[in-house]
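What Swiss-Prot says about this one:
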{"type": "TOPO_DOM", "residues": "1-235", "note": "topological domain 'Cytoplasmic'"}
{"type": "TRANSMEM", "residues": "236-256", "note": "transmembrane segment"}
{"type": "TOPO_DOM", "residues": "257-269", "note": "topological domain 'Periplasmic'"}
{"type": "TRANSMEM", "residues": "270-290", "note": "transmembrane segment"}
{"type": "TOPO_DOM", "residues": "291-322", "note": "topological domain 'Cytoplasmic'"}
Amino acid sequence: MFEIHPVKKVSVVIPVYNEQESLPELIRRTTTACESLGKEYEILLIDDGSSDNSAHMLVEASQAENSHIVSILLNRNYGQHSAIMAGFSHVTGDLIITLDADLQNPPEEIPRLVAKADEGYDVVGTVRQNRQDSWFRKTASKMINRLIQRTTGKAMGDYGCMLRAYRRHIVDAMLHCHERSTFIPILANIFARRAIEIPVHHSEREFGESKYSFMRLINLMYDLVTCLTTTPLRMLSLLGSIIAIGGFSIAVLLVILRLTFGPQWAAEGVFMLFAVLFTFIGAQFIGMGLLGEYIGRIYTDVRARPRYFVQQVIRPSSKENE
């Protein structure tokens, strides 16, 4: 049997990108939620290359009296999951909770995640109830969740919700993975022995706009497909086999028709031949594009460049920067 250790210290990791309007309320509510735990805690805010005043506000929050805030400033924008991984590399708690800065998932849910983790779960996920997002966002999220469930076989309901809790050994395992394209909820479930999801409240976004545009969602789907599974490559092999068999069958059919109806039929079949040819060419280009995606990601990983570059770390115990 695996021994269940009680949670002694909680680390809350929050990526921040152009969220200066929501930061004061975010810090206040997250601090209040952590204070109610009766445990040691720290709040790590990672500025992901914001162009507004977010970074300056984080530094001030870390340097405030009796602060529990660690500010991590990245030199540019690397994306939500890379920013979270930067936070993971600086946590000191034995339970790590991730939270978005837009306050759509309320920080007041943190005690529930901690309580569930204390029951012995490695990963505590959440499912958003009554989502307050646009039709497009909800539809895209459903498609992504179904894609993940089919490719991984993990029947989790809401991979897009970043309000999650991870035991320290799960975070350490993720930090040992060096692929550039990382989707944290899936990666964590690969290493988790026991995982569970709980329902949480979902609010409308009060400040700013969502940072996930249409193209970023498309890129996310490409990342998920090429990072999670090689099934598309196997499907290409299957498609190639079907096309080859179909082409051979059509060739045999053309020979039979020519022998049956004479050479004059061949001229009348030119347009069909062109249609078949264009179908094969289109299938080849689709396959080449998919192979290019895989090869491009292999090339990116082989270069072994860091996921992010930390420009500055400000801890509450000292006003000196790391």
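A Cβ is built for glycine as well, from the same backbone N, Cα and C atoms used for every other residue.
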Item to check | Close approaches to the transmembrane segment (236-256) from elsewhere in its chain (Cβ under 8 angstroms; 6 or more beyond its ends) | outcome: 266, 269, 273, 276, 279-280, 283, 287, 290-291
Checklist outcome for this item: In this predicted model, the topological domain 'Cytoplasmic' (291-322) has a mean pLDDT of 74
